[in-house]
Structure formats: structure tokens, C-alpha cells
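As annotated by TrEMBL, active site, proton acceptor applies to 507. Residues or ranges marked as FAD binding site by TrEMBL: 102, 361. Taken from TrEMBL, the feature NAD(+) binding site applies to 230, 231, 232, 233, 234, 235, 236, 237, 321. TrEMBL lists 93-98 with the feature disulfide bond. Summarising the annotation, TrEMBL assigns domain 'FAD/NAD(P)-binding' to 47-385. The domain 'Pyridine nucleotide-disulphide oxidoreductase dimerisation' annotation in TrEMBL covers 405-515.
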């Protein structure tokens, strides 16, 4: 066989004992020659549940299953980004998503607060921001969370493998650590929660000279003049906090902002950002990124009219969407079916293979009934993971409800929503059956600095066929997420416009605006405010 020849039948028919003697002989010969004999990968253990992915959904499911007395393991392995960024246990949200994003958003809000402070009598010297201090403190906080997750796995007796997991069959997986050591494990139930990573455009210089949200939160040097490519919530959030801590920022937008969200609200966010000094290059697509001798990045782009333009930037941040991590983990060998977008169709988190489940970003929202675009949200993955473990091991029948999930976009003007976008409500129910109550407003806190007249906005999208039941709640304003969370509970309970009207608002707050809405879009009356 060493010569590439077919082994004779006599070799194939050797008994186990003779094979063992040959193996011992080979090992002995290798030892005498000073050659290390290759050892087969150890069969480590069998688990009741093996979770692939140490992010929000995977950790939630694994811990609950272990608390219910099951033998559980979690595999987590982060491949470095093209510029070499990696991170520890906790997934996207903790390391390169929600947590660092909101902390940097808070840094930007504090900067605005210092500008406003003079109107309230504070005498401040010109404040200066130090990017390095922000990054250091954010990363220290993330490290403490990473440590906490490791500790929680240990305290719940969940085995942790810092290894890349690949299916070799429906119940067997190969785990390879960063040193190349392989361990083979088996499991009765496998939960795939591998998340996603940023996409890169297929243009020269994209991977060599650009960063993504995988990199910006740990970037050691200040971003300087920055181009953000894309208009997703990740793009606009990053553009917002980079501008908010003092750097020139432009957003290159191919088509519309915040695709998948209510477009009136998206335009409200974009308009506010533009008025605050963030540039927008609309109808543009990058065609190349070149590193100049000066260290700057020269970006060339094409426009809808066929013309092209270019400019130089210190940082180019790509935020054009995310790809799910379902490729290269052997799902085909396990028999798991994928949708065209690479995501996994599920029924109550179960794939087409009855003992293999999927959570989080990788779930195909179109396969849900009704379809949903909320599967990529961290709290959704956490909730779905807990409920899955409860159904599998505790006799529960509770299913994940992917509808009516609240969410917030942490742009300079925050935007939160629950339920249907206005355009989706019109499509589903028809224009004649939808009433929209709306209002522009200005927070009292913005009165003394004289900023943001009618910059904030809210609306209730109501179903005329069902006693004005609230189908969608949308609000742009400070602390939008804190406002929307409570209303999400009310909407779960079937809140109507009458319930909002019967609720006494807390004065003076921003959120009371939702309890006094009286102007409808159908009336054509102005929804702008002229006083408190």
C-alpha cells in the first residue's frame, strides 16, 4: 500500500490479532528509527447533547440541558478575520456585536451630552476623546464576560472544547483544536448554533485593506477619516459611534437604509445622521480599495449613472451583510438540508434530521410559520435555546414565538420597533384596513441646546378590522429600546389603540407621546409639534 498498489486479498482478510501484531511491529520499528508513529484520533466521549457554537443560543441551550441532568458539551472555535482578529467564548453579541456596540454608542452619546451641558450651565474645557482608552476598557469588559461564560459552563458541568467541529456522520463529529489535535465524539442530539460572519465584496483590496465589525471594536489605532460601506443596522451604528467620538465619517449606500425595517423610520434615522454631519454617498458601489504609500486607503466606486469617483480614507469598514457559518462543518455528511441562502430550514428548531437542531443566525426565517426576520437577534436565540432544552428534556411543549419581537437600532437617533413595519401591514391587511397614528416630537432635554426640532417620531400601526389592535409600534428618539420593551409585553397581550389612550403617560417623558397620539395619516393633518 505504501507503493500505491492494491492490497492483496490475504491482507484484507487478516485477523484482528494479526493486524494488532503488525501495528505493534510498525510502532516498534518507528521507535527504533526515531520516527513518531501517527496515533489515531482518540474517541473522547459520548454526549446526550453536543452544541456547535459558543454564542448566545448555544450557551443558553447547553446550560439548560445540563441543569436538567444531561451530559452536554459545547464546541466553539473562532477563525481569525482576514486582518487577524479573533476572540473568546461568547459569540458575536458579546465579542463583536451588541455589547461593544452599545458601549461605543454610549461613548458617542456622552460626547453629545458634553456639548449640550453648556446650555445647562456647565463650563467645560474643550473635551478630547482618546480612542485607545475606549477600546482598552471595552475589551477588558468583554474579557470579564468571556471568563464568566467559561465559569458558568464549568459550574453547570458542561464540557467545553475550544475546537472546530465537523460532522463525519449524523451522530459523530471530529473536533480539531488550534494545534491540529483531533478528538472524535458522538452525541444523541446535536444543536448547530454557529452564527455568521461579515461578508466581503468581490473587489480588489477588500480583504487586504478593509475591516469589518469583527475588527473595529478592538482596533488599536483611532479610525480617523472613515468610509462605512453598506447601510445595514451594523453599518449605520458603526458610522454613528465613530462620528460621535470625533471622526469624519461617510456612508456608502447602494440602495436603501436599514433594509428589512420600516422605511419611513429608516429615512428618519438617515436624515438625522446627515444633519449631524455624517456624509452619505448614495447609489454607489465600491470597485476597488488600494493601499497608498501614505498608509491611507484609496477607494474607487461606481455610481448608478455609470460614472466613477474615488477618495482616500484612514479606515474602510465593510458592513454589507453577513454570511451564515454552515459551510465546511459537514452538514451534508449528516444529511442536513440547506436553503438556497445557506441557512437551515427548521420546524420548531428541528432540521430535516430529527436529532439535529438549529438556533440563531443560521435558522432560515422563511421556513418558519409565519416567516420571520427575527432569528438573528441575540435574545431570540437565547429564548429558543432554553425552550428547546425544556422540550427535549423536561416535558415542555412551549414553542418559540418569533413574532412580535422588539428590537432597537443604536444609531445616533435610536430607533426601536415591535411588530409589523407599516409597509408590511399594508401588504398583509390592505390599505383600507390599516390606520396609522403618528407624531413628531422633541425631547424636553433638547430644548435648552436648541436642537432636534421635530427630529423624533413615533407611530402606531393599527388594524381597523380588530378594534384598532396595534400591529406595529415604531419610535425614533433617545433611549428608544427602553421605551419599546414594555410595549412589547402589552402587544403580546393584544393591546389596542384604546388601551394606549386609557393609559396615563408619565410627564415629562418621551414615551408618553405614545399615549396621546391623535393624528392619523389618513387625515392628512400635520403631525409636527410646536410646543411641549
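Cβ atoms are placed via backbone N, Cα and C, with glycine included.
Predicted automatically and left uncurated, TrEMBL annotations should be read as such.
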Legend entry - Pairwise Cα distance for residue 236 (NAD(+) binding site)/residue 102 (FAD binding site) [Å, integer]: 13
Inset, instruction - Could you round the CA separation between residue 361 (FAD binding site) and residue 232 (NAD(+) binding site) to a whole angstrom and send it over? - result: 16
Legend entry - Residue pair residue 98 (disulfide bond), residue 234 (NAD(+) binding site) - Cα distance, angstrom, rounded: 10
Legend entry - Long-range Cβ environment of residue 234 (NAD(+) binding site), under 8 Å and at least 6 residues apart: 213, 319
Legend entry - Cβ-centroid neighbourhood (8 Å) of the NAD(+) site, 230, 231, 232, 233, 234, 235, 236, 237, 321 excluded: 228, 238, 258, 319
Legend entry - For residue 93 (disulfide bond), nearby residues of its own chain (Cβ under 8 Å, 6 or more apart in sequence): 55, 56, 99, 378
Inset, instruction - Looking at NAD(+) and its recorded binding residues 230, 231, 232, 233, 234, 235, 236, 237, 321, figure out the farthest C-alpha pair and report it in angstrom, whole number. - result: 13
Legend entry - Least buried by Cβ count (within 10 Å) of the recorded positions 98, 236: 98
Legend entry - Integer Å distance between the CA atoms belonging to residue 102 (FAD binding site) and residue 321 (NAD(+) binding site): 19
Inset, instruction - Compare the C-alpha of the residue listed as 'active site, proton acceptor' with the C-alpha of each of the binding-site residues 102, 230, 232, and give the closest one. - result: 102
Legend entry - Nearest-integer angstrom distance between the alpha carbons (Cα) of residue 230 (NAD(+) binding site) and residue 102 (FAD binding site): 19
